[in-house]
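If you look up Swiss-Prot, you'll see 74, 115, 116, 117, 147, 148, 176, 283, 365 marked as thiamine diphosphate binding site, on the strength of sequence analysis. Annotation source Swiss-Prot lists Mg(2+) binding site at 146, 176.
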């Protein structure tokens, strides 16, 4: 099994194969991807769809000297397997294992780290221009999907690249939804080879030189050329950006891909190759339902993904989806917006029931936020369902278009905190810090399912931009209450009181997901625990009261410490004039790798045992007593 694949330790081995061996290799590679993902979980449909394209790129181009940038990056498992990581695939997305995305520190073949969409053309153009300036003769290649091509950044890069006439840049549009092109056929293949050939490029340049003295004739020739292309492909748009458009071609046909790429390799200037692929190619279950098989957990390939038993605990995403439908039922002004994350954000049912108030704007986070602002000016109640990591992409719009104008937009921020297998690129570590400094913002962090529901309802009542953050995955098991209750603005609650004598009294000020582990630490240490609820406005009165009645304060959040919720508490403490020793616990000043979320939180000292350990070492150990007494004497 995998007789050919076992001989490939790097692309140099691949390039030594006979062309006739490449399709059997593709079959083995596809089977290996399926087997690997079924054992570890991960992205499947997109990787099954890029097998032949990956083989062709590494076969034709001299990687890693020639650079390949994979947009989004979740389709790079075949690339990883062919570039020396075949025997590490068992550790894919596991703690201390290889990443599910390209990572420069992992391999020289991962030329640029990706995970968010639409960045590849900008990066590849920078590489192409950089190579020119360095006097290096290498190709830079961006592989981008048709979904990612909807984002403005991709077109900004295309606009810039089109005037770089000598750059050895190739943009490959991996069209896996047939959303742009007509069906692929023999005529398309023939035209693609013709357009990528040196004769065509030279002939076109020669004709333009000859006809430059007769502009009307030249314009006629250009129109005829566009018409010829337009019969089979929508080339005009990409040609207008200054690219030579080639395709579409079948992205699973190595006999089309390889000669076309070989022709392109001999050209200079920006080239645009349109390939059509099928998500889930070669695995019928994934072909039939590429969404279901987009990012599965472990499963049996022979049986396929089986329906999971209904979990005892709702996920926070489900809580959001149910809340949104309930609010929309009550109020016709409620509008739901998602940047291409309908399933992930829990909006499937909302789309079915309120189709005229559901807007999937595509991979366009900046537009989503400003679009919501526009809706708010017309008296509607827009709710933007967005992952924490993707809200980063719309920071200027959050400030300039929504907060500056104090528009009542609700931001339902999913995947707050650590997200597990997707790793640092998708961690929701920074939203509290980057939102807290924005005037007019109200920010809440949910500690359980019902609190999440009531916070979302509270947010919808506010006259200003308001955010509610909640984590990925299952909740704590708390039942949601159908009736809505508005939470008093900027008010936390004490969930546990200490019985310790003076000198040993510790108060833990916990935010969101950190309330549960803080309560565990509070039980172990007999400490007071407060559920702060609001990051902005922070409950300054509660901070002061806890400072006045306790000897030590500890803030705990599942977000970056610098500038986060703990900083808000310390600022309130300074304002109060009550001075107490404070520990700020949260995510450290580093990017947290992929792995099991519970294990990662424990590694960061943010489980119950870790919180108790930090408090004990800092405030309650004999050494801490000595240090504290020394400070008091001083």
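Going from the start of the chain as shown, residues are counted 1 onward.
Note that Cβ sites are derived from N, Cα and C of the backbone, with glycine treated the same way.
Feature map: annotations from Swiss-Prot on the structure.
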residue: 74; record: thiamine diphosphate binding site; Cβ neighbours (10 Å): 23
residue: 116; record: thiamine diphosphate binding site; Cβ neighbours (10 Å): 21
residue: 146; record: Mg(2+) binding site; Cβ neighbours (10 Å): 18
residue: 147; record: thiamine diphosphate binding site; Cβ neighbours (10 Å): 19
residue: 176; record: thiamine diphosphate binding site; Cβ neighbours (10 Å): 23
residue: 365; record: thiamine diphosphate binding site; Cβ neighbours (10 Å): 27
**Message:** Assuming the binding residues for thiamine diphosphate are exactly those in the record, 74, 115, 116, 117, 147, 148, 176, 283, 365, what is the maximum CA-CA distance in angstrom, rounded?
**Reply:** 32
**Complete:** Of the binding-site residues 74, 116, 176, 365, the one whose Cα sits nearest to the Cα of residue 146 (Mg(2+) binding site) is 176
**Item:** Collapsed DSSP category at residue 116 (thiamine diphosphate binding site)
**Value:** coil
**Request:** State the three-class DSSP label for residue 365 (thiamine diphosphate binding site), counting H, G and I as helix, E and B as strand, and everything else as coil.
**Result:** helix
